[in-house]
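Record features (TrEMBL):
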type   : residues : note
DOMAIN : 12-121   : domain 'Acyl-CoA dehydrogenase/oxidase N-terminal'
DOMAIN : 125-220  : domain 'Acyl-CoA oxidase/dehydrogenase middle'
DOMAIN : 232-380  : domain 'Acyl-CoA dehydrogenase/oxidase C-terminal'
Amino acid sequence: MLETATRTAFDEDHALFRDSVRKFFDRELYPNLDRWEHEGIVDRDFWRACGEAGLLCPQVPEEYGGLGLDYRYNAVIGEELCYAGSSAGITLHSDIVVDYIINYGSEEQKRRWLPGMVSGEVITAIAMTEPGAGSDLQGVKTTAKRDGNHYVVNGSKTYITNGQNADLIIVVAKTDPALGAKGTSLILVEADREGFARGRNLDKIGQHSADTSELFFNDVRVPITNCIGEENMGFIYLMKQLPQERLQIALSGQAVAQRAFDEAVKFTKERKAFGKTVFDFQNTKFTLADLATKLQVGWAHLDWALKRHVEGQLTAAEASAAKLWHTELQWDACDLSLQLHGGAGYMNEYPIARLWRDARVQRIYGGTSEIMKEVVSRAI
């Protein structure tokens, strides 16, 4: 269980909410984790249960079916979800996709889509990455060309979380390729549109319960009203929202790092070798002491970043630094914990094996560690 007594970003209401989240996950998530990992996808019933419990998109205003809460409630959900060892695409739906509609969507888009996103009836994805673009959002090749009152969308996307389950996808597309990044728009595409197709559920190293797909758009016609915000403003919207996405990845990294540490402490205090517990060896104690120190620093930094974000002051460089530091800590914690488990750590029956597998991609998606260093360096 995450220890929150020394946290500074939350108040009593957040603590009560965290308690309800833990009880919900004990009941609905933990019993199904292994099955979802095996099947490569989370049941839609779980999404609906999350919606009924108020765990989806809590920041959505009450007039659209939400709770109108601050981002720290999202943080509580994300921390507990990741500490539990789940890679379900809940946080992408609630922390990333929904805010594009809240912040830039039309009144019609908000009333049509937000209630379903809150209830779990509508599962969402955002399609940025393309086979040849990677982290380069300016290099997007997918197009959305005007044809009367419609856009005609053509192109392909890859590594799209929630790609199999998604009912609604925000597609990053060029509406004016001649303008480069300044010709990018965000287009809502419903999954039942003619010409849209999903590829297979991709076979990944880790995060198996996060269904991840290639998506194909072949002359997909959507109304002009499916454009989020202003045409050709998509790249600017993406840049404005990326700090929250990177903060979400940072907090998930910190939560997993803590879980990896806790698993190492538990295992080494129980495991006997050469007549004493593994914990009693100096190397183990020093390794865990070093990691415990970094975790203390990490939680303090994360709370600082959370408060900055809620106050609207978190900069792109600060969010990038947070993603860089906390995901690197996550990897180090998982790798050290697995090492302290010895051969047992390589067995899937131990939680650390899943934590280790799932950790690797955290330094890649949302912007690689190298890209984060580039962003941070520009602010120096």
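Even glycines carry a Cβ here, placed using N, Cα and C.
For the domain 'Acyl-CoA dehydrogenase/oxidase N-terminal' (12-121), the model's average pLDDT works out to 97. Secondary structure of the domain 'Acyl-CoA dehydrogenase/oxidase N-terminal' (12-121) per DSSP, as helix, strand and coil residue counts: 80 helix, 0 strand, 30 coil.
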